[in-house]
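Undergrad: If you scroll down you'll find the structure; I have some questions about it.
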Amino acid sequence: MALLHSGRALPGIAAAFHPGLAAAASARASSWWTHVEMGPPDPILGVTEAFKRDTNSKKMNLGVGAYRDDNGKPYVLPSVRKAEAQIAAKNLDKEYLPIGGLAEFCKASAELALGENSEVLKSGRFVTVQTISGTGALRIGASFLQRFFKFSRDVFLPKPSWGNHTPIFRDAGMQLQGYRYYDPKTCGFDFTGAVEDISKIPEQSVLLLHACAHNPTGVDPRPEQWKEIATVVKKRNLFAFFDMAYQGFASGDGDKDAWAVRHFIEQGINVCLCQSYAKNMGLYGERVGAFTMVCKDADEAKRVESQLKILIRPMYSNPPLNGARIAAAILNTPDLRKQWLQEVKGMADRIIGMRTQLVSNLKKEGSTHNWQHITDQIGMFCFTGLKPEQVERLIKEFSIYMTKDGRISVAGVTSSNVGYLAHAIHQVTK
């Protein structure tokens, strides 16, 4: 009994003499997370789960953001297989990468984005760090803004934008605003609305721009429109934050897809840039990306680099090794790079071809609607203009799965199912 009177009674002994204490202790131990609510399912992953449960042999999954070949199968680029074989033959170690990543990968990524003859590269007034794909690049950039962009907390996103943009910037401590971008009447770019809204954005705010193949709409500004946007950005002294997840994958030409980024820099606008190799190299699960900041001079770039490393260290310490080695091998080996560029163009051309076939099949079905926006849009995704109730019918009656906003992944369309898709769309829109 001495233990009970010492004021330091063992919990088990005290509980034996006081059943109420046992119940209270049990309640305390089991109720840490009773306040945690069930979160909503991811809308795109939810589409995939519903697709998997469907037993219809004609079912189509047009929600997934990954390339598929014309048989509807995942595609590993032959250049990636070659790079993997070359790397394996070297019997390399698995040591940690530096905080900023694989140096030869970072250098090659900057060259791919900005152009090999870029003044920025020659002067050294930039920093590139390897990131955990495009999402990681965005988060590193957002966290850097939160810590060092002293002018504003507002980030202006196009309406609509990739669904992950909002939580990435919000969770980093930034505030989200919007500007007009997509015109549902034309299923095209609302150029007038975009320029009007950007012209009214408070000076020294952050403007997020999709460099090419806008997700989710597939609607991109034309070069002359980009020029006017750049003029407004420069006049309003806005910070241009580019997300470039589809270089080469949009048009089949990497230089063409990077045109907007390069034009802004040529106009004296110091941008930051997020890159991903998920789509254009098919390295989805390898998580290969880069974040680049264009600075005033080389000294500023070194200071920014030091702070980016300080941000990265407590997040994940070092980026993954394998995917960066693959990408670096492809970008830095002339024959592999040439092969890769041809393969990227092949993927882009297949998607462009599927757009054309879909419109052709809709006409064959007798549709009198104007479907030109399907071929006008670019990249993996197409904003069909379908209404939520029409999407619901496609899912229930035809087992064609997509997100409620009518966005489809054209990469999921093949020459064997494009006719079925056109028939179904015609049935719900006639």
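Each Cβ is built from the backbone N, Cα and C atoms, and glycine gets one as well.
Here's the feature list from Swiss-Prot:
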- G65, W162, N215, R407: substrate binding site (BINDING)
- K73: N6-acetyllysine (MOD_RES)
- K82: N6-acetyllysine (MOD_RES)
- K122: N6-acetyllysine (MOD_RES)
- S143: phosphoserine (MOD_RES)
- K185: N6-acetyllysine (MOD_RES)
- K234: N6-acetyllysine (MOD_RES)
- K296: N6-succinyllysine (MOD_RES)
- K309: N6-succinyllysine (MOD_RES)
- K338: N6-acetyllysine (MOD_RES)
- K345: N6-acetyllysine (MOD_RES)
- K363: N6-acetyllysine (MOD_RES)
- K396: N6-succinyllysine (MOD_RES)
- 1-29: transit peptide (TRANSIT)
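What's the neighbourhood like for each of these?
TA: Neighbour list (W162 (substrate binding site), Cβ cut-off 8 Å, at least 6 residues apart, same chain): H210, N215, P216, D243.
Long-range neighbours of K73 (N6-acetyllysine) (same chain, six or more residues apart, CB within less than 8 Å of its CB): none.
Note on K82 (N6-acetyllysine): other Cβ atoms within 10 Å of its Cβ, all shown chains, come to 18.
DSSP gives K122 (N6-acetyllysine) a helix state. The Cβ of K122 (N6-acetyllysine) has no same-chain neighbour under 8 Å that is 6 or more residues away in sequence.
Around S143 (phosphoserine), the same-chain residues six or more apart in sequence whose CB sits under 8 Å from its CB are A172, G173, L311, M315, listed in sequence order.
Residue environment of K185 (N6-acetyllysine) contains 8 other Cβ atoms, counted within 10 Å of its Cβ in all protein chains.
Taking all protein chains in view, 14 other C-beta atoms sit within 10 angstroms of the C-beta of K234 (N6-acetyllysine).
Counting Cβ atoms from all protein chains shown, K296 (N6-succinyllysine) has 10 others lying within 10 Å of its own Cβ. Classification of K296 (N6-succinyllysine) by DSSP places it in coil, neither helical nor stranded.
Listed in sequence order, I99, G100, V129 are the same-chain residues at least 6 apart in sequence whose CB falls under 8 Å from the CB of K309 (N6-succinyllysine).
On its own chain, K338 (N6-acetyllysine) has no residue at least 6 apart in sequence with a Cβ closer than 8 Å to its own Cβ. Mapped onto three states, the DSSP output places K338 (N6-acetyllysine) in helix.
The secondary structure of K345 (N6-acetyllysine), as reduced to three states from DSSP, is helical. Of all Cβ atoms in the shown protein chains, 16 besides its own fall within 10 Å of the Cβ of K345 (N6-acetyllysine).
Every protein chain considered, the tally of other Cβ atoms within 10 Å of the Cβ of K363 (N6-acetyllysine) stands at 14.
In the shown protein chains, 9 other C-beta atoms lie within 10 A of the C-beta of K396 (N6-succinyllysine).
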Undergrad: With every protein chain in view, how many other Cβ atoms are within 10 Å of the Cβ of R407 (substrate binding site)?
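TA: Its Cβ shell of radius 10 Å holds 22 other Cβ atoms.
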Undergrad: By CA-CA distance, flag whichever of K82, K234, K396 among the modified residues is nearest to K185 (N6-acetyllysine).
TA: K396
Undergrad: When the Cα of K296 (N6-succinyllysine) is compared with the Cα of each of the recorded positions G65, K82, K234, K345, which one is closest?
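TA: Sorting the recorded positions by distance from K296 (N6-succinyllysine), the top entry is K234.
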Undergrad: Excluding near sequence neighbours, so keeping only residues 6 or more apart in the same chain, what lies with its CB under 8 A of G65 (substrate binding site)?
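TA: Set apart from G65 (substrate binding site) by at least 6 residues yet with Cβ under 8 Å, we have I44, N215, K279, M380, F381, S409.
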Undergrad: I'd like to confirm something. Which of the modified residues, K234, K345, K396, has a Cα closest to the Cα of K363 (N6-acetyllysine)?
TA: K396
